[in-house]
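Before any comments, here is the structure.
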Amino acid sequence: ASGAAAAPPPSPGSVRLSRASAGASHSLVLSSSGGVYACGQGLFGAVGSGCDANAVSMLPLPRLWPVGVCIVACGDNHSAALTLDGRLFVWGRGKYGQLGLGDFQNRSSPELLKSLTGEPLVGLACGGDHTLAFTASGALFTWGKGGRGQCGGGSPDNTCRPGRVQALEGQRVVQVQAGSAHSLVLTASNEVFSFGDGEQGQLGTGEMGACLTPQRVSGIPDAPVLFIAAGGDHCVVVVAQVPSEGGAIAVGPSPQRAQGRGYAPLMPLPALARACGAAASAAHGLVAAATSAGASRDPNTEVAQLVAAVEDTFSSPGALVAGFAMPGAGKAQGIANVPPAGGGVAAVRSLGARVATSLSPSKRTHSNVLLGGGGSEAGGAHGGGLLSGGGKGGREITPHNIDVGAVTDVYQALLRLFNSEIVSVLGSSCLRTLSGAAWLQQQQQQQ
């Protein structure tokens with residue numbers, strides 16, 4: 001980065017925006033390449049700019065730019081951001097413990113929640129003054145204000161550290177939502193649970209009043225639940241219209257649906273590598289790859305989708321670090337568990353997931369980039385998958401546990417497409433990443 005011209009992360013007006021979240025008096029916006037922008041009332045540090053000043057226009061949060069954020073959420077006066085490798089950053093008001101940092105203090109800039117780094121987190125929701133997050137295995141953790149039972153732990157006490165919801169230990173959580181003082185949970189078994197304040201009937205259990213532990217929501221039709229949503233004092237559950245032929249419909253957010261497909265704006269590198277490799281190896285390039293995958297046969301559409309995916313991914317340092325990490329090096333494998341969002345990115349990932357990996361067996365690596373983070377080759381006899389230069393396949397790693405061979409594979413797959421738009425956007429995205437890294441380094445040196 002020292003040889004690149006320093007430039008700050010792009011303004012929100014010059015990037016594709018993919019997600020937004022609103023609190024009581026502040027808002028967060030997420031770009032398609034993982035950049036976070038904030039505006040609104042800065043009281044308690046909710047904006048995350050390092051002070052309590054209000055922001056009348058969208059401000060980039062440079063501290064989050066390198067980490068690859070895929071989900072943002074706002075409470076009344078606190079905020080949270082989840083990264084592709086499953087880490088959680090929090091800031092804002094901490095009076096009720098809603099930041100989970102072990103105290104009841106405010107934070108004016110994003111801070112890593114270290115107590116939940118044992119397993120990648122893949123889902124997040126912020127209520128008025130409480131927070132929910134769940135892991136790749138479906139374990140649910142809550143913390144913050146508990147006066148109405150909104151944390152689901154059976155106690156009305158406030159808690160400043162994440163605690164697992166014991167009542168749901170036998171369930172695998174796939175989505176969470178939160179209102180002002182109540183919570184909503186969807187499980188893989190197609191059950192919806194609610195807990196917290198129910199004075200307005202918002203829990204949907206058939207009874208009024210607060211509930212300190214999760215209870216099943218009643219009255220939901222016998223059909224797959226597509227996704228759930230929660231407002232201040234109400235909830236919404238969206239179910240599928242089961243097709244007459246009885247086709248299987250996945251429970252919870254899915255990349256195959258136009259609505260409720262999840263939150264991650266970035267295309268996981270395993271899917272990007274497969275899409276590029278398949279397109280490059282097909283006899284007629286992108287057209288043949290799309291045809292064999294059952295996707296759109298419009299070559300212009302396919303090129304546009306792949307260009308967007310390349311630009312978003314290679315403009316995000318966090319996505320590159322997470323995606324190119326060697327198996328077992330931290331929690332990067334969590335990237336494979338986060339569903340994508342955004343029409344172009346989702347379509348390309350769908351293409352990549354359906355086509356067979358086109359790289360020859362001799363080029364298959366032990367990297368989670370090409371094996372999707374959980375392939376049978378990822379661990380093997382190497383105990384955790386951390387390979388040295390002399391290991392199987394001769395893979396080289398950097399001090400940051402980056403799989404250099406996998407980087408080469410993806411670049412080669414992109415260049416083999418012989419498409420000027422893709423090559424151009426690849427170069428400009430990488431230059432933008434290096435320029436941003438140089439700028440961030442300058443900012444850190446000045447502090």
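Glycine too: its Cβ is placed from the backbone N, Cα and C atoms.
Since this is a predicted model, take the numbers as computed values, not measurements.
According to TrEMBL, the domain 'RCC1-like' annotation covers 15-237. The repeat 'RCC1' annotation in TrEMBL covers 34-85, 86-137, 138-189, 190-241.
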Report the DSSP secondary-structure composition of the repeat 'RCC1' (86-137) as helix, strand and coil residue counts. 3 helix, 23 strand, 26 coil
DSSP helix, strand and coil counts for the repeat 'RCC1' (190-241)? 0 helix, 22 strand, 30 coil
Segment-level pLDDT (mean, integer) for the repeat 'RCC1' (86-137): 95
By DSSP, what is the split of the repeat 'RCC1' (34-85) into helix, strand and coil residues? 9 helix, 23 strand, 20 coil
